[in-house]
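Q: Here it is: the structure, laid out below.
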Amino acid sequence: MSHNTFGHLFRVTTWGESHGPALGCVVDGAPPRLPLKAEDIQQWLDRRKPGQSRFTTQRREPDAVKILSGTFVEDGIEMTTGTPISLMIENVDQRSKDYGDIVEKFRPGHADLTYFLKYGIRDYRGGGRSSARETAARVAAGAVARAMLPEMMIRGALVQMGPHKIDRANWDWNEVGNNPFWCPDAKAAAEWEIYLDSVRKAGSSCGAVIEIVASGVPAGLGSPIYGKLDAELASALMSINAVKGVEIGDGFGAAALSGEENADEMQSGPHGIEFSSNHAGGVLGGISTGQDVVARFAVKPTSSILSPRKTVTKGGDDTEIVTKGRHDPCVGIRAVPVGEAMMACVLADQLLRHRAQMGGSGRNE
């Protein structure tokens, strides 16, 4: 199996490479008669596309999406038909010549070596299939998933850049769109601008932590043991390029709490059961509680840097390498909409599976 597909009932297959003619995805399992046109998908792709500030790669890709199948116009409204939805995004600004020096060399920190060891062949141009360019297709698929989740709000924010964290007391969702970092803390965003400018000018890179919050998630999504909502969400986020860690709710921070501190106490309220806190991140026993579902993931520093690094050639000889081309000094910035998309896809899949198993018999129905 090549493992280019994820999901169970809402299934997403992505295809394409960084420097190929195009990339895209096939989404299978979306219900019929969902209003969906290219503009609905484009608005989310525009949030991820490169070249929007000096802090992201200057590769100029419009990321214009084309719907090739799976929709039909009826009564003047373009809607899904219930058949596979094929989406394509053309690559228009490849510069493969930038990678001529690494034809025989493996870039440290990249998937060059492991792809070669596994397949015996690799696309060295921008990393081929392992490039973060592949995530454009995930964002497109996430737009389809969002169309299935009108009662949910899925938002992401950058909460740490390099060693610099936000002050959670300053969290303001309205600030997220007011800076190039998707940062909810205006003071931190101003500090990050100075920090990342210094990183960028030095030809280096830094990592980041992204937080994704889904509101309006009904109780009951997910299944015990092997179909846990948090397990599948962790898997989906971990599959994003450069991600090295995932946590749900307080995550690793829960290890420092006492049982009294960590347990989210409950009480009856005017609208049902209410929680005093959300250390669990909206998931207990693998099943959603009805609270916000909260996840964070850590992105490593971009491996493409200007400093010479030691490596080996395909023939096994020691050498040095300097990575050329256009790269993100902090790939975590553009990972925010990607994380949102993966959250949306997992929730859409879990919603379909919940309905298939429970019908209208669940307590939450």
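Placement of Cβ uses the backbone N, Cα and C atoms for every residue, glycine included.
In case it's useful when we look at the structure, here is the feature table from Swiss-Prot:
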{"type": "BINDING", "residues": "ARG48, ARG54", "note": "NADP(+) binding site"}
{"type": "BINDING", "residues": "ARG129, SER130, SER131, ASN241, ALA242, GLY285, LYS300, PRO301, THR302, SER303, SER304, ARG326", "note": "FMN binding site"}
Q: Return the residues near ARG48 (NADP(+) binding site) by Cβ distance under 8 Å, restricted to its own chain and a separation of at least 6 in sequence.
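A: Set apart from ARG48 (NADP(+) binding site) by at least 6 residues yet with Cβ under 8 Å, we have ASP63, THR135, ALA136, VAL139, ARG334, PRO337, VAL338.
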Q: Between SER304 (FMN binding site) and ARG54 (NADP(+) binding site), how many Å separate their Cα atoms?
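A: Cα to Cα, SER304 (FMN binding site) and ARG54 (NADP(+) binding site) are separated by 16 Å.
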Q: Looking only at DSSP and grouping its letters into three states, which state does SER131 (FMN binding site) belong to?
A: coil
Q: Sorry to bug you, but what's the C-alpha spacing from ARG54 (NADP(+) binding site) to ALA242 (FMN binding site), rounded to the closest Å?
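A: Their Cα atoms are separated by 21 Å.
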Q: Could you state the whole-number distance in Å separating the C-alpha atoms of THR302 (FMN binding site) and ARG54 (NADP(+) binding site)?
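A: One finds 15 Å between the Cα atoms of these residues.
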Q: Among the binding-site residues listed here, ARG54, ARG129, LYS300, whose Cβ has the fewest other Cβ atoms inside 10 Å?
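A: Per-residue Cβ counts within 10 Å for the binding-site residues ARG54, ARG129, LYS300 bottom out at ARG54.
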Q: Ten-angstrom check, please: count other Cβ atoms within 10 Å of the Cβ of THR302 (FMN binding site), all chains counted.
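A: For THR302 (FMN binding site), the count of other Cβ atoms within 10 Å is 23.
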Q: Relative to the Cβ of SER131 (FMN binding site), which residues of the same chain, six or more apart in sequence, are found under 8 Å away?
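A: Counting only residues 6 or more apart in sequence, the Cβ neighbours of SER131 (FMN binding site) under 8 Å are GLU17, SER18, ASN241.
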